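Okay, so here's the structure we're looking at.
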Amino acid sequence: NVNKGSMNGAGNLMDFLDEPFPDVSTYEDFHTIDWLREKSRDTDRHRKITSKSKESLWELIKSLLDAWSGWVVMLLIGLLSGTLAGVIDLAVDWMTDLKEGVCLSAFWYSHEQCCWTSNETTFDDRDKCPQWQKWAELMTGHAEVELPAFTGSGAYVLNYFLYILWALLFSFLAVSLVRVFAPYACGSGIPEIKTILSGFIIRGYLGKWTLLIKTVTLVLAVSSGLSLGKEGPLVHVACCCGNLFCSLFSKYSKNEGKRREVLSAAAAAGVSVAFGAPIGGVLFSLEEVSYYFPLKTLWRSFFAALVAAFTLRSINPFGNSRLVLFYVEYHTPWYMAELVPFILLGVFGGLWGTLFIRANIAWCRRRKTTQLGKYPVLEVIAVTGITALLAYPNPYTRRSTSELISELFNDCGALESSQLCDYVNNPNMSRPVDDIPDRPAGPGVYNALWQLTLALIFKIVITIFTFGMKIPSGLFIPSMAVGAIAGRIVGIAVEQMAYHHHDWIIFKNWCRPGADCVTPGLYAMVGAAACLGGVTRMTVSLVVIMFELTGGLEYIVPLMAAAVTSKWVADAFGKEGIYESHILLNGYPYLDVRDEFTHRTLATDVMRPRRNDPPLAVLTQDSTTVEDVETLIKDTDYNGFPVVVSRESERLIGFVQRRDLTLAIKNARQKQDGVVSSSVVYFTEDAPQLPASNPQPLKLRRILNLSPFTVTDHTPMETVVDIFRKLGLRQCLVTRSGRLLGIITKKDVLRHMAQMMNQDPESIMFN
């Protein structure tokens, strides 16, 4: 009777096993998902839907809706991320210019919009128009240039003071909103996105509040003039959009593995709208952030990036009817001899990347381990004040970084009024305006070179202290700015050498007198790619992003040469890019696919329990009581427990998850009569033979994983590491002849790898 009752009770229990409890989640916060389990659950769900679809028309329609839900989610992600990116671009342009002045005809216009809508703007003086006034001009009624020297300097000081004041206000608002409402909205977000996509759970990181606050504070942070970009945080914003729409479909909300497929596609959409580079976005997701990237995710990433790019193009935030951020049009091809300076720029990019990563990580570690980390608001205010104070006197650092890069990329046409295009013209020149020959540099160019050199030093130093503060901060644009400045300086130097020494052997074959040989803007573009590659270690996606970003399709080879060189040089000093370095700094459990494990250790060297450790916490198949299980759950924090035949034999039966145990016992206590603390829990097919006086036993075989992943104690750790990487395991059991010896978790693997590389194993803090 006991056995019969227990079987009926078990049947009732199974009906309730899938009902969620408010206090029991699928995975605990800061824990790793089990990829194999999630894949198995999705396969079972799909099999169930397919079999049901043959029963009725309604079930067939439901199965079709389920199949199309992925494409619907991609469409929604593309629309929302594209819209948010467009709004952010427009708001940043307006608020950046607000630090210097205001448009009288319409205060919501940026400087460029204000002057282009004016009928009094001339082509030679496009940036000056009656409708746009600087703050000192608005307050005193006179422009700086119209006033006497002393009063004019007073107007300059007033504009200087207000510039700093606006910058401090924007940054204070940004850091305050992040600190009060959404602490996860700070930083780039890409290190955490990479970790989440590898299977880690960080609850709230992709939540609604994070999305809202990150969008608002990103505008404020970029507008403050700090040396940061909006491109990295836009990937975080797009992933927040993806997570938001996942909650609308149970297919994704109840399966962490499927959710990560959507987030991979959302990352592609984020880069697509950040740079106007949909193909580059897909490749960035594949090369840089994604951990599991099946073929269907590639197609869906492509679709999401397409929709996002189309939405951004419809908004047209750059006002140039183009999707790309820095459109360039060069009129001169590159020559083979120029590969030498391009490769030298690649070397510079690799060295800059190494310098930046080491200095920034050292500063961030200091922030974490000293009193500095307790005052994030003060740090942001201090860095903003120093940045604004030093940036305003130099016209190349005063303007937004995007505008700076755009000017550095530009070729000098006949109508350009920039200092960088102040060349000495030949009065006898009668060439078309698109084919201007190389000319000697004028005083404006030499003045610009000094200012650019100072800007380069300033950007290199200040970016180290800016990245990692408690505000949204991207690294793409500051890195590109460093490279673009260095590249433009090198480009001008090569151009002047070619002009003054065209009879040298390196110039003789391709640079004749009066010819347009060298394009300094191309050197800026190559330098930008080199520095971005040195910091992030991107290669393929970087080159594609750069030619999509600029429209310079025929300059792929120089970009490839610089990107590969920068990666080689940077890798010579350390394999980790900036994002991997921040993952290590934060102690996230990230198993990088690119890391090689070459040490000759065995599974028995890594497994727990070690010598002198307490024995492994296990459950027996038919002799553990409910009270024993609840005590074990209360006293330990393990994700699951091996199930053995008995403590004497220790023959392995299977593995049971902590969450499933907790949920099953709660359900049984509430909804099944006769289950008490002294009830025996059994995982076998048949109930154990118990005295009639014993309470009703509890059958939990259905929650038992009968095929846990196991290795023998003599399995090389190289193989174990590979298994954890490729299968996404949470844990692996170690056996010998079927007898359980121990367990290896992902945390154990990471700590062992850190130990083998002479790093602190205790830096790996999470499971």
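Each residue, glycine too, has its Cβ placed from N, Cα and C.
Per TrEMBL, domain 'CBS' is recorded for 607-671 (among others).
Averaged across the domain 'CBS' (704-762), pLDDT in this predicted model comes to 90. Taken from TrEMBL, the feature domain 'CBS' covers 704-762 (among others).
Annotation comment: TrEMBL describes 68-92 (among others) as transmembrane segment.
Among residues of the same chain six or more beyond the transmembrane segment (160-182), those with a C-beta under 8 A of the stretch's C-beta atoms are 95, 98-100, 135-136, 207, 209-210, 212-214, 216-217, 220-221, 223-226, 376-377, 380-381, 384-385, 387-389, 392, 398, 469-472. Look at TrEMBL and you will find 160-182 (among others) tagged as transmembrane segment.
Sequence-distant neighbours of the transmembrane segment (202-222) (same chain, 6+ residues past either end, Cβ-Cβ under 8 Å): 29-30, 84, 87-88, 91-92, 95-96, 170-171, 173-175, 177-178, 181-182, 184-185, 189, 192, 195-196, 228-230, 233-234, 236-237, 239-244, 263, 400, 471-473. Taken from TrEMBL, the feature transmembrane segment covers 202-222 (among others).
Taking Cβ pairs closer than 8 Å, the transmembrane segment (234-250) reaches residues 69, 72-73, 76-77, 80-81, 84-85, 88, 188-190, 192-193, 196, 206-208, 210-211, 214-215, 218, 259, 262-263, 265-267, 269-271, 273-274, 289, 308, 472, 474 in its own chain, all 6 or more past its ends. Per TrEMBL, transmembrane segment is recorded for 234-250 (among others).
Residues or ranges marked as transmembrane segment by TrEMBL: 262-286 (among others).
The annotation transmembrane segment is assigned in TrEMBL to 339-363 (among others).
The list of residues near the transmembrane segment (375-392) in space but at least 6 beyond its ends in sequence, with Cβ under 8 angstroms from a Cβ of it, reads 160, 163-164, 167-168, 171-172, 174-176, 179, 224-227, 367, 398, 458, 462, 465-466, 469-471. For 375-392 (among others), the entry in TrEMBL reads transmembrane segment.
Beyond the transmembrane segment (448-468), the same-chain residues lying 6 or more positions past its ends with a Cβ under 8 Å from any Cβ of the stretch are 187-188, 226-228, 352, 355-356, 359-360, 363-364, 367, 383, 386-387, 390-391, 394-397, 404, 418-420, 422, 475, 478-479, 481-482, 485-486, 488-489, 492, 578, 582. Feature annotation from TrEMBL assigns transmembrane segment to 448-468 (among others).
For 475-494 (among others), the entry in TrEMBL reads transmembrane segment.
Long-range contacts of the transmembrane segment (522-547) within the same chain: residues 271, 275, 277, 279-281, 283-284, 286-288, 328, 330, 334, 341-342, 345-346, 348-354, 356-357, 405, 408-409, 475-476, 479-488, 490-491, 494, 553, 555-556, 558-560, 562-567, 569-571, 576-579, each at least 6 residues beyond the stretch ends and with a Cβ under 8 Å from a Cβ of the stretch. Feature annotation from TrEMBL assigns transmembrane segment to 522-547 (among others).
Panel annotation: around the transmembrane segment (339-363), residues 460, 463-465, 467-468, 479, 482-483, 486-487, 490-491, 494, 523, 526-527, 529-537, 558, 561-574, 576-578, 581-582, 585 of the same chain, lying at least six beyond its termini, place a Cβ under 8 Å from a Cβ of the stretch. Residue counts of the domain 'CBS' (607-671) by helix, strand and coil are 24 helix, 17 strand, 24 coil (DSSP-based). Helix, strand and coil residue tallies for the domain 'CBS' (704-762), in that order: 24 helix, 19 strand, 16 coil [DSSP]. Nonlocal intrachain contacts for the transmembrane segment (68-92), taken as residues 6+ away from its ends with a CB within less than 8 angstroms of a stretch CB, comprise 215, 218-219, 222-223, 230, 234, 237-238, 241-242, 244-246, 248-249, 251-252, 262, 265-266, 269-270, 273-274, 296, 300, 303-312, 314-318, 400.
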